[in-house]
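A quick write-up on the structure given underneath.
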Amino acid sequence: MQTFVKGKRVGYWLSEKKIKKLNFQTFVDLCRKQGIEMIQLDLSQPIESQGPFDVIIHKLTDHIVDADQNVTESLLLVQGVQDYIDAHPETVILDPLPAIRTLLDRCKSYKLIHKLEHSMEDDRICSPPFMVLKTECGFETLEQLHKHGITFPFICKPQVAHGTNSHEMAIIFSEEDLKDIKPPCVLQSFINHNAVLYKVFVVGEAYSVVQRPSIRNFPSGPTDRRAISFNSHHVSKPESSSHLTCRDNMVGQSWKPSNEVIQKISRKLHQALGISLFGIDIIINNQTGQHAVIDINAFPGYEGVPEFFDDLLSHISSVLQGQVCNGVACGHLRVNGTAQSQTVHCGMLGNDSSWLMDSEGIKKGPHQGLSCCGGCMTPNFHQHTRSSLTAETSSQ
């Protein structure tokens, strides 16, 4: 680790639940071994008295949601953090509070996805039609669905994309079940994707793709099937197995995610929001092969990503350095745990469509860098590439 990180101070605030789930103390110890001073923030006390900080890492989503609902304690805590940020523009915040607020509102994040889709002008990328429903369904609802290009079946999701209730969803198959929809919520067209979800976990310049179970295929158009309620978190667990995730009715093709497409989407989100720690849920249309972003998550759980701590330390080091490789795209490859000195372009590694199965039974794609180029992912072996996103964005 470079000497420039020694003596740097990094503040962090995560809920106790998040700290335990990530085993974050291991990361704290890793940083301290590299000479980085890690300070757990006490939000009940002025942050000014706990600083100064070169970087602050946080997951304040619970408090931000509560603050937006005028919960006094959370209002004060979030305002305290914002006051420190305003007073210390030199401190790097992972990630910016306005960006987190965007990701906590599915309406805002879906609008952003649509905007980015148009700017990318890539036929391999699509964003499902959606609309926001703020009141109970009425006679005009069908007209609104048609206006927004939403057809049956569609998914009904809570507008707030955080908390236990954010995972409670329903698939609506016909006009008859519109009366059961409880606003405020977001209605999003359902795309058949052969019951496979790809979770993209981004950390600075690196990302990993993990394959998870998802909702099975359903016939297009209205049917007499009753609405199905489900918890998306439970459905997409690695071990999930139910009638909802059954793959017996697979049709079309089972497409693998395109490395180039995922890099493009990740870079655009990074550029638009200035975020570094986020997850992207992607499904692939089983007829067209188009990649559809169906959700974006702030500071996800990184389950199935053993490189998370290494990537986070690398990103913090790059942030502290103030640049990445002097603006030149660079990277290293890790094969079976052994670091290689060469710069790697993802397209050099072939187009094998197999996926690795880790010790926990989680199906995974290779670990990539955002600046790599190439086509489909190539999981012949475990790949770990870091490259400079700064170099990519500076030329655009």
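Cβ atoms here come from the backbone N, Cα and C positions, even for glycine.
According to Swiss-Prot, the features are:
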- Lys18, His167, Lys199, Asn297: 1D-myo-inositol 1,3,4-trisphosphate binding site (BINDING)
- Arg106, Lys157, 188-199, Ser214, Ser232, Ser236: ATP binding site (BINDING)
- 117-325: domain 'ATP-grasp' (DOMAIN)
- Asp281, Asp295: Mg(2+) 1 binding site (BINDING)
- Asp295, Asn297: Mg(2+) 2 binding site (BINDING)
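Sequence features, as recorded in Swiss-Prot, placed on the structure.
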residue: Arg106; record: ATP binding site; DSSP (3 states): helix
residue: Ser189; record: ATP binding site; DSSP (3 states): strand
residue: Ala195; record: ATP binding site; DSSP (3 states): coil
residue: Ser232; record: ATP binding site; DSSP (3 states): helix
residue: Asp281; record: Mg(2+) 1 binding site; DSSP (3 states): strand
residue: Asp295; record: Mg(2+) 1 binding site; DSSP (3 states): strand
Arg106 (ATP binding site) versus binding-site residues Lys18, His167, Asp281, Asp295, Asn297 - nearest by Cα: Asp295
If one measures from the C-alpha of His167 (1D-myo-inositol 1,3,4-trisphosphate binding site) to the C-alpha of Ser189 (ATP binding site), what distance in angstrom results, rounded to a whole number? 17
Spatial separation of Asp295 (Mg(2+) 1 binding site) from Ser232 (ATP binding site) - C-alpha basis, Å: 11
Ser189, Asn192, Ser232: which of these binding-site residues has the sparsest Cβ neighbourhood within 10 Å? Ser232
Among Lys18, His167, Lys199, Asn297, listed as contacts of 1D-myo-inositol 1,3,4-trisphosphate, what is the widest Cα spread in Å, to the nearest whole number? 19
May I ask which of the binding-site residues Lys18, Asp281, Asp295, Asn297 is closest to Ala195 (ATP binding site) if we compare their C-alpha atoms? Asp281
Rounded Cα-Cα span from Asn297 (1D-myo-inositol 1,3,4-trisphosphate binding site) to Asn192 (ATP binding site), Å: 22
Using a Cβ cut-off under 8 Å and a sequence separation of 6 or more, which residues in the same chain sit near Lys199 (1D-myo-inositol 1,3,4-trisphosphate binding site)? Val209, Val210, Gln211, Arg212, Ser236, Gly279, Ile280, Asp281, Ile282, Pro300, Gly304
Near Asp281 (Mg(2+) 1 binding site), how many other Cβ atoms are within 10 Å of its Cβ? 19
Kindly state the mean pLDDT of the domain 'ATP-grasp' (117-325) in the predicted structure. 91
Report, as a single number, how many Cβ atoms besides its own are within 10 Å of the Cβ of Asn297 (1D-myo-inositol 1,3,4-trisphosphate binding site). 21
Of the binding-site residues Lys18, Asp295, Asn297, which sits closest to Ser189 (ATP binding site) by Cα distance? Asp295
I'd like the number of other C-beta atoms within 10 A of the C-beta of Tyr198 (ATP binding site), please. 23
